[in-house]
Amino acid sequence: MKIHLLNLGCDKNRVDGEKLLAKLLGSGCVAVAAPKQADLIVVNTCGFIKEAKEESIQTIMEMSQHAKVAVTGCLSQRYGRQLAEKMPEADQIFGLADGEITFEKIRQRYGLKKQACAHEPRSLTGLFHSAPLKIAEGCNNCCAYCAIPLIRGSVVSIQEKGILDEARFLSEKGVRECLIVAQDITAYGKGMGLPALLRKLARLPRPFTWIRLMYCHPAGVSNELIEVIASEPLIVKYIDLPLQHIVDPILKRMNRRYTRAYAEKLIRKLRDAVPEIALRTTFLLGFPGEKDADFSDLVSFVKDQEFDRMGVFGYSSEEGTKAFTLRGRVPQKTIAQRIEALMTLQNTILFRKNSTLTGKTLPVIIDTKESETVFIGRTQRDAPEIDCSVIITRPNLKPGDIVEVRITGFTGYDLHAV
């Protein structure tokens, strides 16, 4: 059977899909690049917020025009019954992609043979030189706006041996950049195990060139973790630190477990310990009860902190979460205006930061080839897909190369280099 896998959503979902695909290939299936070539399309969905749900549903409908569609992932885990009743376009609805149970259901439904050979732990998709490594499943933070604990349950750390084995596999496959991912990587090993795990990953026989830390809940960033970031050469000086807001009453309603004073102290500690660190954060705008004055306080905070990278998204009301019944809903028009205002400010900050880079030499990882002499890459300050790019004009490069380039200018978010 010819299989086409389509992963939607986050890097954690990508890992789940790649593990499922490896099992399917071990059962005799053949992966194809184009949906119209497939006998079965597996749509690995996202169900985090309204926009993600809409994208997943639209994708299912589009893919059903090419072949039978099997639906996995967060959307089907949470809304399986509703999808089965209302989406005839889906041939079958399964749960989360990662797991023997889902694979076995797919195998039996489509008459696949049992795994006839030892399969690889993952069948890589996307950038083959940059891959996420998931170290835990689920989440215990229970933020008031977030449905992830309802979908994926409480946090369960993956055994260290399994993580290191998978890391060795990725390294042997040629992965040069490893993104450490989970719903909250600081919760690994009940908050005590992440620094030790990172040191072991940095000492693999064939180590990665770059190790990047994603999804660090601010309340879980310890002094030990900061010390590891500062001292380990293979860990890029970058941290994904989603603050979500900075006004104390909003943070309390969100159940974020920290205050503005704590966040400001943490940022100072990170910048003092690792002066060159790139701080990436995200903010959630329009949470119930967010007033104009609260947004103004957040704008002032962003002006003061000048984050290196920033994402912004609007509040999505999710049934089953604590925030679902909160009063003080912010109109969608107001949310959109606030998003535009905050991103306009961030554009100004990034313009100023980029203007200081002209003439400097930086290491860049090459992601894609645009032509014989034009390539797209990223600096250590940029995670794939969500951050900025470097447009490099130089021959004789290939994806996966890490090279020194000289910055010649910038356009918007993106740098130009030779």
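Glycine residues also receive a Cβ, built from the backbone N, Cα and C atoms like all the rest.
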Which of CYS10, CYS139 shares the [4Fe-4S] cluster 1 site with CYS46, CYS74 in TrEMBL? The record says CYS10
Counting across all protein chains, other CB atoms within 10 angstroms of the CB of CYS139 ([4Fe-4S] cluster 2 binding site) number 22
Densest Cβ environment (other Cβ within 10 Å) across the binding-site residues CYS10, CYS46, CYS74, CYS146 belongs to CYS74
Near [4Fe-4S] cluster 2: residues not in CYS139, CYS143, CYS146 with Cβ within 8 Å of the site Cβ centroid are ASN141, CYS142, TYR145, ALA147, ILE148, PRO149, GLN183
Neighbouring CB atoms within 10 angstroms of the CB of CYS143 ([4Fe-4S] cluster 2 binding site), all protein chains considered, total 21
Confidence over the domain 'Radical SAM core' (125-352), expressed as mean pLDDT on the 0 to 100 scale, is 96
Students should find that the Cα atoms of CYS74 ([4Fe-4S] cluster 1 binding site) and CYS146 ([4Fe-4S] cluster 2 binding site) sit apart, in Å rounded to an integer, by 13
